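Reading through the structure tokens given below for one structure.
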Amino acid sequence: HSFPECPALFLLLSLLLLPLGLPVLGAPPRLICDSRVLERYILEAREAENVTMGCAQGCSFSENITVPDTKVNFYTWKRMDVGQQALEVWQGLALLSEAILRGQALLANASQPSETPQLHVDKAVSSLRSLTSLLRALGAQKEAMSLPEEASPAPLRTFTVDTLCKLFRIYSNFLRGKLTLYTGEACRRGDR
């Protein structure tokens with residue numbers, strides 16, 4: 001069987017490969033346009049947030065971690081140029097990836113590393129890698145870089161978090177907010 005004949009099989013294979021953080025070779029560039037794909041990452045992020053909500057020990061960081069502000073002003077967002085939206089999502093994703101990696105390092109060095117949070121952090125690291133390659137396939141990076149010099153965007157708004165639960169809340173909000181808005185728009189544009 002060649003893949004095009006069986007899109008369901010291809011989607012299944014892709015979903016199995018994505019959690020490993022592997023670039024899905026030959027993945028349709030618009031795999032992220034299948035709502036089930038993004039939905040899976042959102043559910044995973046929410047689950048991680050819920051699991052770490054009640055965890056006091058081993059879930060606080062010894063330092064503050066910088067994360068992107070996930071608030072979305074829909075009026076402003078709608079009026080933004082697509083390149084600016086792409087840039088905001090791209091920068092946010094990069095900062096979030098750094099934050100989760102930093103969280104991973106801090107957890108690993110904790111005096112009593114807790115296994116469950118560590119598992120969710122490891123999962124988030126590989127999910128963010130996959131999301132980054134899915135967005136790259138959708139052309140987000142190109143769009144973000146095609147901004148004319150004079151249209152320099154406002155610097156990315158950030159703040160800091162000191163617990164794993166807050167970090168996962170930001171991760172979950174970012175996926176449900178800016179990332180979902182951007183991919184929805186980019187996928188609609190591609191369908192035209």
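Using the three backbone atoms N, Cα and C, a Cβ is placed for every residue, glycine included.
Please treat TrEMBL annotations as automatic predictions, because they have not gone through curation.
The signal peptide annotation in TrEMBL covers 1-26. The annotation disulfide bond is assigned in TrEMBL to Cys33-Cys187, Cys55-Cys59.
Sequence features, as recorded in TrEMBL, placed on the structure.
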{"residue": "Cys33", "record": "disulfide bond", "Cβ within 10 Å": "18"}
{"residue": "Cys55", "record": "disulfide bond", "Cβ within 10 Å": "15"}
{"residue": "Cys59", "record": "disulfide bond", "Cβ within 10 Å": "23"}
{"residue": "Cys187", "record": "disulfide bond", "Cβ within 10 Å": "16"}
Given Cys33 (disulfide bond) and Cys59 (disulfide bond), what distance in Å do their CA atoms have, once rounded to a whole number? 34
Distance check, please: Cα of Cys55 (disulfide bond) against Cα of Cys187 (disulfide bond), rounded to an integer number of angstrom. 38
